[in-house]
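Lifted from TrEMBL, the feature list:
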SIGNAL    1-20  signal peptide
TRANSMEM  286-310  transmembrane segment
TRANSMEM  377-404  transmembrane segment
TRANSMEM  410-435  transmembrane segment
TRANSMEM  447-471  transmembrane segment
TRANSMEM  477-500  transmembrane segment
TRANSMEM  537-557  transmembrane segment
TRANSMEM  569-592  transmembrane segment
TRANSMEM  604-628  transmembrane segment
TRANSMEM  640-669  transmembrane segment
Amino acid sequence: MRTESRLYASLLCFATLTQSFYIPGWTIQSYGDGEVIPLFVNKVYSDNTQLQYAYAELPFICPPVQELRGGHTLSGESRSLNLGEILRGDRVSLSDYRLRMNVDDEFNLLCKRDVDVASLEKAIELVRDGYVAEWIVDNLPGATRFVTTDKSRAYYASGFKMGWVDNKETEPRFFLNNHVTMVFRYTKAPGRDGDAGKKVIVGFEIYPKSVDASVTGQVRGNETVMWTGKAMELVMNGADPVNQKGPDDRTLTIPFSYSVYFREDHSLEWGNRWDMYFAADDSSRVHWFAIINSLVVLGLLTAVVAVIVARTVRGDIQAGIEGKRKSNHGGVDKGLLGQPLDLEAVEDQADEEILEDTTGWKLVHGDVFRPPAYGGILAPLVGSGAQLIFMTIGLLSLSCFGVLNPSFRGGYVSFGIGLFVFAGVFSGYYSARIYKTLGGKQWKKNVLVTGLALPGLLFLIVFILNLFAWAQASSTAIPFGSLIVILCLWLLIQLPLVYVGGWYGYNNVGAWDHPIKTNAIPRQLPKADWYIASARTILLAGIIPFGVIFIELLYVFKSLWQDKTGYYYVFGFLTVVSIVLLITVMEISIVATYVQLNAENYHWWWQSFLVGASSGIWIFLYSGWYYMTKLHVSGFVSGVLFFAYSFLACALYSLLTGTVGFLASYAFVRRIYSAIKTD
């Protein structure tokens, strides 16, 4: 109990230390007064759909004029992105907005855009679905500043609304935010740059507004602007606001303008300028409750396992050892007077004692290590699960140490892919060893299945989903060139690593040794109760691990699907919950395996894997409930993307936890039978 208490205390301290630690991960950029500040536009996204679009490619915004910026970069030119940024739908390009450090600009007209009917319908669609635009300055996403209801703190919500909807009348009316007020907060630069009067940006705020204006004169010269005092409604002049009926060659002129203000702010430093984005979610108490809930479940389950190991298993093993001692050293010979009178009765009594001594899990000692059916499938599954385990450990470790954080755009995805590829060596190693342990002879075939099955299935599903995104001209669609890069990483790096791991595991290390030999003839299984090795048992066993993580899962889902303007960055809590989850999966799999063996059912191999994986079913059902009750997703394609990616995530999770459950049960079975020596 002391060891367990120390473990709990260590986990709680770890969560406290790592819940908000991060490394900024970006070179400090300082600006002198009047120096040009580049503004990049990225994408538009919505909580109500899974489709994203490149902001610069929208048909109703100002097209880039291809002017030189910074002496060598043309406006509209795309910035080079890492693989993670591309896969998450980022499309970053330099804009035409003119910004100079510490130079306010009360009004500047960017352009006036003539929009046709088709482009207007696209604008209405984005406004209706609540799309948010993401701009970037000095690696900071433009954000809207909010204050909590009790006015105790301020926080940032990334992005700004493309427009708004007026539902007061019978038919909704749509208005576009075509004017933005940008507020830059700065402070003195650290070091020599600060001594030279340079400044660093610590905040980037955007406040959008819908304004209707009549613009005359040169757009980039001395403009004459006449404000109408109305909002910029997305409707053709004289047309029905809903159906936009009329000739297709009509256009609507939309002026785009902006204002810029700089404000010095000594309350923020460059190193903690991202804290405002993390302050939006003040739910640390709930996270602590999630950890306490997880530890309570783990404690109860640990007590059950302790009872099994300390009383039942140890007692059975000790009884077997004492029985052998009695049979070998039956006591002192007392001569004829000490002999029982009824020899047949004594023999019958001895047989009954032997049968009583050999019950439950000891009866299947000759079959417990018999290779299961479809062992050639189980080995690659466990190998792929080991690959996911090492990838997850790497991602959580890098996140807790602050290497991976929101300021490192695309870092999670890029490092995740890299870790997955290089963890292929572990996949091949574990798959080959298990394959040889189960009596497999064709190790090269096993390596090929291990290296191609999971990555190939993932690539195929993602490619099919990509077709849906391509059809919608969404930036969510992965470019063809990026697909080729992923294909090369898979076939040219990961697959050879799987082969190396498989060769080493099969030929150099070999199979795991079993403490008991397997009988030539399989033992007949007795009639079992309903809860022994059944689908219902597997499904019910998954509730316990799901109960460990469902609270933390709510925040992960919220960040991924519901509140995309915020950031999930409490990886200390997530890591602690993940550790508790894995221990819980180990223990529930061990309990299920012991119950099955005690019922004289030796088909525990697949059972242990499926029990560990079963909580993924509950997570997928939870995803469906979340979709129906929390989200307001519109469109068939968005629904397909949500459920398809949720299924993929749950399948990978099940593969990981199934592997953990299998390996824990395998170690448990080898341990308890190693103490029983049978001739």
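Backbone N, Cα and C define each Cβ position, glycine as well.
Remember, TrEMBL labels are computer predictions, not curated facts.
The recorded stretches the transmembrane segment (537-557) and the transmembrane segment (410-435) do not share 3+ CB pairs below 8 A when only pairs 6 or more apart in sequence are counted, and are therefore not in contact. Cβ atoms under 8 Å from those of the transmembrane segment (410-435) belong to residues 25, 81-88, 90, 375-376, 378-380, 382-384, 386-391, 394-395, 398-399, 403-404, 443, 446-447, 450-451, 486, 489-490, 493-495, 497-506, 509-512 of the same chain, restricted to positions at least 6 beyond its ends. Relative to the transmembrane segment (569-592), the listed stretch 286-310 leads the set 286-310, 377-404, 477-500, 604-628 in CB pairs under 8 A. Long-range contacts of the transmembrane segment (477-500) within the same chain: residues 83, 86-87, 417, 420-422, 424-425, 427-428, 431, 447, 450-452, 455-456, 459, 462-463, 466, 469-470, each at least 6 residues beyond the stretch ends and with a Cβ under 8 Å from a Cβ of the stretch. Tertiary neighbourhood of the transmembrane segment (377-404): same-chain residues 14, 18, 21-23, 25, 411-412, 415-416, 419-420, 423-424, 426-432, 434-435, 438, 440, 446, 449-450, 453-454, 571-572, 574-575, 578, 605-606, 609, 652, 655-656, 658-660, 662-663, selected by CB-CB distance under 8 Å and a gap of 6+ residues from either end.
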